[in-house]
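Visitor: Below: one structure in structure tokens.
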Amino acid sequence: MNIQPNTFFLKAMLTLLNIKGNNMCWAHKKNMFERFTEKAVKVIMLAQEEARRLGHNFVGTEQILLGILGEGTGLAAKALKSMGITLKDARIEVEKIIGRGSGFVAIEIPFTPRAKKILELAIEESRILTHNYVGTEHLLLGLIKEGEGVAARVLENLGVDLPKLRSNIIRMIGETSEVSVGATSGRSKVPTLEEFGTNLTQMAVEGKLDPVVGRAKEIERVVQILGRRTKNNPVLIGEPGVGKTAIAEGLAQRIINNEVPDTLEDKKVITLDVSLLVAGTKYRGEFEERLKKIMDEIRMADNVILVIDEVHTLIGAGAAEGAIDAANILKPALARGELQCIGATTLEEYRKHIEKDAALERRFQPVMVEEPTVEETIEILRGLRDRYEAHHRLKISDSAIVAAAKLSDQYIADRFLPDKAIDLVDEASSRVRLMNYKLPPSAEYLDEELRHIQKIKNELIRSGDFEEASQFREREIEVKVQMAALMKAKKEAIEEELALNPPIVNEDDIANIVSSWTGIPVSKLTKSESEKLLHMEETLHSRIVGQNEAVIAVSKAIRRARVGLKNPNRPIASFIFSGPTGVGKTELTKAMASYFFGSEEAMVRLDMSEYMERHTVSKLIGSPPGYVGYNEGGQLTEAVRKRPYTVVLFDEIEKAHPDVFNLLLQILEDGRLTDSKGRTIDFKNTLLIMTSNIGSKVIEKKGGGLGFELEENIEELQYSRMRNLVNEELKQYFRPEFLNRVDEIIVFRQLTKDEVRDIAHIMLREIFERVKQQGISLQVTERFKNLLIEEGYNPSYGARPLRRALVRLLEDSLAEEVLSGKIKEGDNAMIDVDENKQVKILLGNSNNQHAFLA
């Protein structure tokens, strides 16, 4: 494509080249430089930057060479790189030959006569090759042809054979001309479009596209719409990751395989990059000119199907103040059938942008692309397996493919098949490959030495000691050669090993990636984890005293979920913990979060006393549009979306507004909830626990009844009666449809004196740990413990009075002693009680022979 530089650049260029004269001369020279491509212009700009960097007040052939290497993407740069020339090496060589300048550089840096000659020779080379543009390749050909400047010396010093380089460039120019299918005189019929797009048909011919499995129905519909006389523009609408772009690739593959009707034979499918089309349009009218040029080329070629991914970006693209956007420019051509265009966008973007513009909407024919099923995803993964095996150089087992489809469907709720399953296979393959590849120790040593040499060399260059720097450069080359030989040998050994015994991606590798993405343990149970799950009750009882019914129910639910036997469409379990205050309802939930979900912070705790008012209910799922906090998300939905494997605690559930219970119905039944932004949040891997104090009065009375009962059964009979009475009270407070969805209602027992004694042990142990961190060793006597239990036991209030007694009897006394300086770091203290039940603190070894609680 011929990129025309703006007039300002041309005038600046001619000034720098010291070209002066009458208007005729200006017009002639202007025409000469108008043929420079954007990349060639960039080379000239970079050459001036290189001159400034070196402190030179001229632009010579060497700066043009550095500009070619700095541009990096043109044919000339590719030709130099293929011969092992890098910008870094060239800069060092240039500095060795001409050194650095004084540092004073004029604003306008003139070109040397030899540099001017190179530009003229570049234009001459372009004319000889019958090209109507001057690119970076012509600049390099001119530089080689001139052959006597500093640039030529630099190339020769770096070991380049100039005639061989010239023949390489000519060959590369010939190859790029041949790539354009159906072109006349070696040029494409749609040069502008190919500059701003990607030819999918050509990529299909070269085998660069992934195979498209399934989607026959959608491709057939697209072909039907493309065959229409007018408004022949399908738009593929579907969720992100369902395979919309793959349908366009599938069409390109069908065209090259002659599996399309005669109306689509010999068509070229080209994707347009809208962002690239807009990029660089600094002046008004440039964008419109590019787009009109593309439309004219498509109209003239008459064999192009344009694909615009993210088609909603057309709306507003290029629309500066008072200008027309891309969508409005394309509308007439889309309606008349002059332009066959396949668009692709998501449901949300289609609704937000295209449906608003009725005139644009009627020009596109919607084709809905649904998410494939798990079975279809497995087939898609099998079709792609060869590509991923070749890329990662390993084998992907059938079990890994099935696991990727099933586990991604079950555990990754916020993305869509097949994209999430493909990503799982890709990342698992990458992980297996990395685990099987390690650098040899000798290579690591050489790499460290190379970095050290390069650091010293760069310091010497900065200080101007080029002679010594050249010695280090020679050493650098030696180390690089050694490393290359070592790496080559290692690579060959690895390739040989991989060819004989390629690593295999299996089900466990996929499960590990799912776990790392979501935090949900889905890998196979290890022996230690199985033991941990089997003895779960014992683990919980180390922190929770009594309450066997609750501990057993929770443990069973966790075991079911971890083994994979739970219902995949419901939460792990849902419980109502009812009972008197202070008996361990919330503590059990904390213990479970700590031991089996990673930490206490893994628990999502919602104090329902904060949701007593009707207007606070929306805080759970997020504020509606137009209200404060709309963009912040819901306190419940956002917490579960970020951590899908967790315990959700609704503390003091009876204090919530009744609307909260309506919100919980679909969570309890289907394990899902839609937030204020329309996103579906997955609760299928959460454990839901609701605590309640309903029935506290009944529990306080212990459900006592009339009649005679055996002494050994009295406690169980009282508990049974109490549980029935609590259930009756719950039925009076909660609606039947809410209670019916809860898995189990667990009534906590009142704490006995022995259980309070055990809780005292746990609380004292925690205090000992806190004091130990300050360097103080603490012990208590049996007398003190008896006093603590006597003052802290209250059946109606559970363990909380014990905590208050502990603060009053132990912590307050101890704090006073520490502040007064009587107890210092390194001391041993013992807490005892005298005859008047007054707490006393003894230091050091005591003669009292009381038993200590450790």
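Yeah, the Cβs are placed from backbone N, Cα and C, and that goes for glycine too.
Per Swiss-Prot, ATP binding site is recorded for 238-245, 579-586. According to Swiss-Prot, the domain 'Clp R' annotation covers 33-175. If you look up Swiss-Prot, you'll see 447-482 marked as domain 'UVR'. Taken from Swiss-Prot, the feature region 'Repeat 1' covers 36-101. The region 'Repeat 2' annotation in Swiss-Prot covers 111-175 and is backed by sequence analysis.
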Visitor: Six or more residues out from either end of the domain 'UVR' (447-482), which same-chain residues have a Cβ under 8 Å from its Cβ atoms?
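Guide: Distant Cβ neighbours of the domain 'UVR' (447-482) are 92, 95-96, 99-100, 439.
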Visitor: Among all protein chains shown, how many Cβ atoms are found within 10 Å of the Cβ of LYS244 (ATP binding site), not counting that one?
Guide: 24
Visitor: Radius 10 Å, atoms counted are CB only; among the binding-site residues VAL242, VAL583, which position scores highest?
Guide: VAL583
Visitor: For the region 'Repeat 1' (36-101), what does DSSP give as the number of helix, strand and coil residues?
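Guide: Here the numbers are 48 helix, 2 strand, 16 coil.
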Visitor: Could you give me three numbers for the domain 'UVR' (447-482), the DSSP helix, strand and coil residue counts?
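Guide: Taking each residue of the domain 'UVR' (447-482) in turn, the totals are 34 helix, 0 strand, 2 coil.
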Visitor: Would you mind ranking the binding-site residues GLY238, PRO240, GLY579, THR581 by how many other Cβ atoms sit within 10 Å of each Cβ and giving me the lowest?
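Guide: Fewest other Cβ atoms within 10 Å, among the binding-site residues GLY238, PRO240, GLY579, THR581, is found for PRO240.
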Visitor: Please give me the CB contact count at 10 A for LYS585 (ATP binding site), counting all chains in the structure.
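Guide: The Cβ of LYS585 (ATP binding site) has 27 Cβ neighbours within 10 Å.
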Visitor: To what whole number does the mean pLDDT across the region 'Repeat 2' (111-175) round?
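Guide: Looking only at the region 'Repeat 2' (111-175), pLDDT averages out to 80.
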Visitor: As a quick check of your reading of DSSP, tell me how many residues in the domain 'Clp R' (33-175) are helical, how many are strand and how many are coil.
Guide: 99 helix, 4 strand, 40 coil
Visitor: Three states by DSSP: which one describes LYS585 (ATP binding site)?
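Guide: DSSP call for LYS585 (ATP binding site): helix.
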